[in-house]
Amino acid sequence: MRKNLVLIGMPGSGKTTIGKLVSEKLNYDFVDMDEYMKTKYKKSINDMFLNGEDYFRQEESKCCEEISKIQNSIISTGGGVIKKKHNVDLLGSTGIIIFIDRTVNDILSDIEVSSRPLLKDGKEKLYKLYEERYNLYREYAHIIINNDKNLDKVVEEIVNKYKEANNSLSDV
């Protein structure tokens, strides 16, 4: 059975970029949860956050329910999807969850912090989010990949570990 590959990690960890590349290698569809939500609600993520983070997380959970029913896909989640265990349980029921681990300093060197709704207050917020979320990412992941090397090597490592995990599941 081919399971989805679900990418979790901090904002700016590379989930979307890596997810697109992995989807090409595996010939899977690619679903970016933020884009899915923007299309569904016809609002930007920033606009959805104007109604409060609780509202956003509630709508995100609804999308997790829908997305978890998709098959043979690479799913790039929003960084905070792990804040509700129900989301992770849904996505994990049909997918192998991979945590893209990247240092805060590497993230800060790559992204424009002000363009991310939860990071608009500055880089200190990213450090705080990292502290809040890091253990949850590790706890919920089936596989942990460090995004600290050449992008092609990261993609290759994900593809290999995903195939290994997927094959071992089909032996059960």
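Numbers here mean position along the shown chain, with the first residue as 1.
Yeah, the Cβs are placed from backbone N, Cα and C, and that goes for glycine too.
Please treat TrEMBL annotations as automatic predictions, because they have not gone through curation.
According to DSSP, Gly14 (ATP binding site) is assigned to coil rather than to any helix or strand. Look at TrEMBL and you will find Gly12, Ser13, Gly14, Lys15, Thr16, Thr17, Arg116 tagged as ATP binding site.
According to TrEMBL, the feature Mg(2+) binding site maps to Thr16. A C-beta separation below 8 Å, combined with a sequence spacing of at least six in one chain, links Thr16 (ATP binding site) to Asp32, Asp34, Ser76.
DSSP assigns Asp34 (substrate binding site) to a helical segment in the three-state reduction. Feature annotation from TrEMBL assigns substrate binding site to Asp34, Arg57, Gly79, Arg133.
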Cα proximity to Lys15 (ATP binding site), best match among binding-site residues Arg57, Gly79, Arg133: Gly79
Cβ neighbour count within 10 Å of Ser13 (ATP binding site): 26
Spatial neighbours of Arg57 (substrate binding site) that are distant in sequence (at least 6 apart) but have CB under 8 A: Gly80, Lys83, Lys84
Neighbourhood of Thr17 (ATP binding site) by C-beta distance under 8 A, where only residues 6 or more apart in the same chain count: Leu151
